[in-house]
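Below: one structure, written as structure tokens.
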Amino acid sequence: MSTDTDHDDIRGVFGVDFRTADRLYQGTLVASAAMFFVLIMFPIYWMLQSSLKTREARRAVSWVPSAETFTLEHYDVLLGTDVGLYLFNSAVVTLGTIICVVAVSLVAGYGLARLNFGHKENFARFLLFGYMFSPIVLGLPLYLIWKEIGLLNTRVGLIIALTAISMPFSVWLMWKYIQTIPEAMEESAWVAGASRWESFRDIIVPQTQPAIIAAALFAFALAWNDFTFAQILLPRNEATTFAPGIFRLINQGYGAPWGDALAASMLTTVPPLLFAYFLQSYLLKGFQIRSL
């Protein structure tokens, strides 16, 4: 037999029953996600529709594009500039950074997870300590060092710098992920006659695919969007990447070609969106630390 006390026990906070509270909670989540989506996508939408307007129509504020103001002139102008070179340099630097980050962090993470050596935990903590130094702090020392050894104004020098700044998180991610893979799988391979390298190649690498893709996506975002290192280490125009290249394009003087800059920015926005969209499931798996 229920009583008023029992009935009160199933009431939520402020006298709202749990079913209503759950609906409010779900509604709040949906509203927050929608607001976040608008805040992220509205600048991209505004950039797209502004890059497709004529120079005269862009001065008037309008939310919806029209056929009368539609034009591809800004994209045509880019064909006669160095934007193509900037995109090519960014693609080369990004691909090189991804390869270096994945290769080094995978081997280093395996060593931390499987090998025993002195001060291993302290070494792992020291890796994350590297994130206390921002690129702007490291830029000047690297500029002087790269100038002395001939890596200034080279894509290789920028790849090394971006790999170094990406490494702490990627190594930590690989280390923690490989720890979730049972060592018994490798031991069985060793009993069957496989070497450590063969067990690493045939067992560890396939098992860590989500973490590899997560590390690759992290390196991609860092390298593709880099401005500080590229601006400092690539002062010459022929070697520069997209972000500082667009910055120099905008700062050509009074009356900067904003339509051209918006069109160029739209071009560089597409690859990260596609990359993240098609690999988002692997990204979530990579950041999920499984139980043993």
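Using N, Cα and C of the backbone, Cβ positions are placed for all residues, glycine too.
Quick look at what TrEMBL annotates:
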TRANSMEM  29-48  transmembrane segment
TRANSMEM  86-111  transmembrane segment
DOMAIN    87-279  domain 'ABC transmembrane type-1'
TRANSMEM  123-144  transmembrane segment
TRANSMEM  156-175  transmembrane segment
TRANSMEM  211-234  transmembrane segment
TRANSMEM  261-284  transmembrane segment
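With a threshold of 8 Å between CB atoms, the same-chain residues lying at least 6 positions outside the transmembrane segment (86-111) that come near it are 155-156, 158-160, 162-163, 166-167, 170-178, 200, 204-205, 208, 212, 215-216, 218-220, 222-224, 226, 230, 234, 239-243, 245-246, 264, 267-268.
Sequence-distant neighbours of the transmembrane segment (29-48) (same chain, 6+ residues past either end, Cβ-Cβ under 8 Å): 262, 265-266, 269. Listed as Cβ neighbours of the transmembrane segment (211-234) (distance under 8 Å, sequence separation of 6 or more from its ends, same chain) are residues 89-90, 93-94, 97-98, 101-102, 105-106, 134-136, 139-140, 142-143, 146, 151-153, 157-159, 161-163, 165-166, 169-170, 173-174, 177-178, 205, 240-244, 247, 268, 271-272, 275-276, 279, 282-283, 285-287.
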